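Residues annotated as coiled coil in Swiss-Prot: 15-40, 300-329. What Swiss-Prot lists as region 'Important for transcription repressor activity' is 29-68, 298-313. Positions annotated as region 'Disordered' by Swiss-Prot: 117-185, 203-225, 254-281, 335-367. Summarising the annotation, Swiss-Prot assigns compositional bias 'Polar residues' to 117-131, 176-185, 205-225. The region 'Interaction with Pol II' annotation in Swiss-Prot covers 226-297, 314-339. Under the heading phosphoserine, Swiss-Prot lists 269. Look at Swiss-Prot and you will find 357-367 tagged as compositional bias 'Acidic residues'.
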């Protein structure tokens with residue numbers, strides 16, 4: 001019988017409820033890893049039935065946790081509202097406890113003829129508004145409606161029993177909470193109205209006049225101010241420029257101001273090209289012992305289009321002739337052709353004739 005490795009045993013249903021969502025997902029990954037191993041599942045006696053059951057339970061538990069989490073996220077703003085309401089109710093309860101402590105004072109006021117709980121509420125509200133310094137319109141309307149309903153009632157209602165002081169104090173505290181909320185809303189409204197009142201629309205003519213006046217004021221202020229130091233330095237440098245220092249060069253005579261002035265005067269006068277060439281040559285002779293080679297060709301000249309085309313054609317023709325000669329020479333070298341003088345009779349025939357002539361001369365001498 002094969003046993004599951006440690007950490008991969010199927011969990012008991014009671015344990016799943018106590019686990020967190022991250023732990024449940026980790027357990028689900030382990031079960032999936034076991035289910036992928038088919039050889040291991042085939043070796044089990046129940047063929048992995050327990051693993052499948054635990055896998056399904058884990059999936060159901062994860063789905064339930066996600067559903068609870070989603071509902072809690074949806075109900076989060078509602079819970080915040082409920083907390084705020086609970087705080088307000090707690091404040092009201094504290095106020096009722098304080099009011100119950102002051103019951104004897106309220107009872108003495110209720111014994112006075114012609115006085116009712118509504119009058120007490122009105123007096124307390126007016127004192128509160130005087131202390132805050134900001135009465136609200138809605139609160140006044142509510143108090144007027146209450147007074148109207150009380151006065152409109154039958155005379156027998158005045159003879160009835162006066163309501164207890166605890167109910168009056170509770171109503172008073174609830175009304176105070178509502179009045180505080182109305183005060184905050186009215187303060188926001190007043191702030192918005194103040195911001196709107198600060199916005200002003202001006203004409204273009206008035207704006208231009210304001211701009212001109214501001215420019216005049218700035219001009220007067222700038223006229224009275226002193227120029228900055230760097231502006232004065234720049235103006236002085238523009239009036240009295242500093243002579244530029246020439247860089248040191250080898251094989252060059254030191255620069256002199258008189259020579260430069262005389263050179264400027266000479267340059268102003270017209271000089272021919274031959275005179276300039278002669279001066280340049282003299283200058284080279286003064287500064288160096290080297291001599292330029294004589295020119296073998298004429299200097300460059302400006303030619304017309306027709307002359308340039310004719311020269312290009314002539315050059316192309318010479319180039320082709322030279323290429324043909326080189327090609328013929330290379331071909332002859334490959335074929336091993338040698339140009340020699342041709343003698344059809346050969347050297348032997350010539351020698352024979354020369355010998356025969358000698359014999360003839362010898363025979364003639366004998367005779």
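Using N, Cα and C of the backbone, Cβ positions are placed for all residues, glycine too.
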For the region 'Interaction with Pol II' (314-339), residues assigned helix / strand / coil by DSSP: 22 helix, 0 strand, 4 coil
Helix, strand and coil counts within the region 'Important for transcription repressor activity' (29-68) (DSSP): 34 helix, 0 strand, 6 coil
